[in-house]
Every structure is written in C-alpha cells, then in structure tokens.
Amino acid sequence: MSNALYRGRFAPSPTGLLHAGSLSTAIGSYLEARSRGGEWLLRMEDLDPPREVPGAADDILRTLEAFGFEWDGEVVYQSRRHGLYRAALERLIASGRAYACCCTRKEIAATARRGLDGYVYPGTCRNGCPDGREGRAWRLRVDEGEWTAHDRLQGEHRQDLARDIGDFVLLRADGFWAYQLAVVVDDAEQGVTDIVRGADLLVSTPRQLAVYDALGQSAPGYCHLPVLTNAAGEKLSKQTLAPAISTRDAARQLREALAWLGHVPPADCGSLDELWPWAVANWSLSRVPAGPLQLPLS
C-alpha cells in the first residue's frame, strides 16, 4: 500500500464521552494522516445499543470539532451498515470459513480454558451443532499456526489464534455484529490504508488479520499508540470512571496531549490555530513512547 494515498481513521464507540485516552489516540491518528498528506475519516462504532450512552455520539462530534479536528467526508455510522456485514458473513459461510454455534457462555466457561482474551472456544460446534439445537451465533473457523501483526510502534506481535483465542464470534447470539467482523468490513470498504489506535487493541489485531485473509482482502498497516492509565495503572475508560474531557481551554489540553505523545510545542504556540500546524509539521512516530503512560504526568 506504499503507493496509495494514506487514509487513516478514528472510530470511537458512543459507550461514553471522550476522555484523555481517547483524545490522545485521536490526536495521534490525525497527525499521522495529516503529516503524510493523507485523509482522515471518522466512523462511529455504534453496534452495541445496550452499552451506548444516549447523546454520546453527538457529543463526541462536538468535542472533536471544538478541538479543531477536521475529517474528510461524512461521518460513517456502523448502525447503518448491517447489509455490508451480512454480505461478508454470507461469503464466509459459503466458503466454509464460518459456522453456526449454539453454545452459551455458561457452557463455554464450564469446558474451556482461559486464553489471551477470555475463554478459548473448544470447537464444540465446529462440525455442526448437537442434535436438536440450532446455532444462533456464527464463528470464524481459525486455522492452526501463528499470525504476526507488524506494528510500526510496538514491533512484531505474534499470536497463535487456534491455541490462544480459538474460533471467534462474527455474529453474536443476540443478533449484534461482533467488532472483529464489522471493523474489518468497514476499513476495507472505506479504503483505510493505515490504522492508528490504542495499544489495548493490539491483542485483537491477529483476529482481524484472519478475517481479512478469509475475505480475500489486503490488511492495512497498524500502529498502536500507548494507552493512558490512572494512578492505579488501569486504562482510562468508562469502566475505570475516566472523566470526560471538557471543551473549555481546548488549546491547553491539546498541548498536554501532544506532550504525552513526545511532542512538546514551543511556548509561542498558544492557540489551536498555532498548535495544529506545528504538530503536523513536527510529528514523528519515533518520538512517541510505546509503553503505557500513567496520569498525571509531570
């Protein structure tokens, strides 16, 4: 993809408002795209209504605008793209790469061992559901062997999917699309060439590579930025009660976030109109730390 126009994206989920961690990820994603003369897309990953906060999607957009982000094209909402995910799943079913699963979470927990990201599915329904039961979820049939994600900041990330993850869900039993399928379908359909996101998602990258492979698609490049943690070392998130960022004094907060990412603006860059051009001109991944960053930073 080296000869293609760089196309990045930021894809927040409206399960809460933006916090310092999501802001730093948005900044890194944006600057990597703009510093390379590329495009930056915005996608709302709103596929899990029970977890979503009413009004959060609009608030996220207002916050990004207040901080001076400028995205290319219209905002894409996953909730309006079910047909694309259904078509992809049907292709995987037709090729034998996906199969129906009737197992409940309780049944899996009773027989499976722990892996890198939850229980490793034991393959109960790989050759068909037990008699009298109908599968409601769909899983990707994972091949044996190691998958390697080449990350521009974190280096090589190797994972044996069959051993460490197992056949993973594409469509949940409750009818909601799984992240691993939707994110691949969207990035491929939108022509995303490079993904810059938080390092907490590095563990899921080999699964996405497997979906790309099963669909016959080329995978994008990856770069996983350091996550921000609280004083207890927990990733900033809704679950750890990370406070939402305020749009007041956006320039000061942008300066702080740039410093977290290894880019300290000069003292005479005081406004958003001054900070963004400086950041685009001076952005370099070589200055971004790879490991987690604990707040507050001195």
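Think of each number as a place in line: the chain as shown, counted from 1.
Using N, Cα and C of the backbone, Cβ positions are placed for all residues, glycine too.
It should be emphasised that the depicted structure is a prediction, and the values quoted were computed from it without experimental measurement.
According to Swiss-Prot, the protein carries these features:
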{"type": "BINDING", "residues": "Arg9, Phe10, Ala11, Pro12, Ser13, Glu45, Tyr179, Arg197", "note": "L-glutamate binding site"}
{"type": "MOTIF", "residues": "12-22", "note": "motif ''HIGH' region'"}
{"type": "BINDING", "residues": "Cys101, Cys103, Tyr121, Cys125", "note": "Zn(2+) binding site"}
{"type": "MOTIF", "residues": "235-239", "note": "motif ''KMSKS' region'"}
{"type": "BINDING", "residues": "Lys238", "note": "ATP binding site"}
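Residue pair Pro12 (L-glutamate binding site) / Lys238 (ATP binding site) shows a Cα separation of 13 Å. If you draw a 10 Å sphere around the CB of Tyr121 (Zn(2+) binding site), it holds 22 other CB atoms from the protein chains shown.
Counting Cβ atoms from all protein chains shown, Arg197 (L-glutamate binding site) has 22 others lying within 10 Å of its own Cβ. Cys103 (Zn(2+) binding site) is surrounded by 24 other CB atoms, counting those within 10 A of its CB over all protein chains shown. On the 0 to 100 pLDDT scale, the model's mean across the motif ''HIGH' region' (12-22) is 92. Long-range Cβ proximity for Cys125 (Zn(2+) binding site), meaning a same-chain Cβ under 8 A and a gap of 6 or more residues, is found for Tyr99, Ala100, Cys101, Cys102, Cys103, Gly135, Arg139. Residue counts for the motif ''KMSKS' region' (235-239) under DSSP, split into helix (H, G, I), strand (E, B) and coil, are 0 helix, 1 strand, 4 coil. Counting residues of the motif ''HIGH' region' (12-22) by DSSP class, helix then strand then coil, yields 3 helix, 1 strand, 7 coil. Listed binding-site residues: Arg9, Lys238. The one with the lowest count of other Cβ atoms within 10 Å of its Cβ is Lys238. Looking only at the binding-site residues Phe10, Tyr179, the densest Cβ neighbourhood within 10 Å occurs at Phe10. Each of the binding-site residues Glu45, Cys101 was assessed for Cβ neighbours inside 10 Å, and the highest tally belongs to Cys101. Other residues of the chain with a Cβ within 8 Å of the Cβ centroid of Arg9, Phe10, Ala11, Pro12, Ser13, Glu45, Tyr179, Arg197, the L-glutamate site, are Arg43, Met44, Val183.
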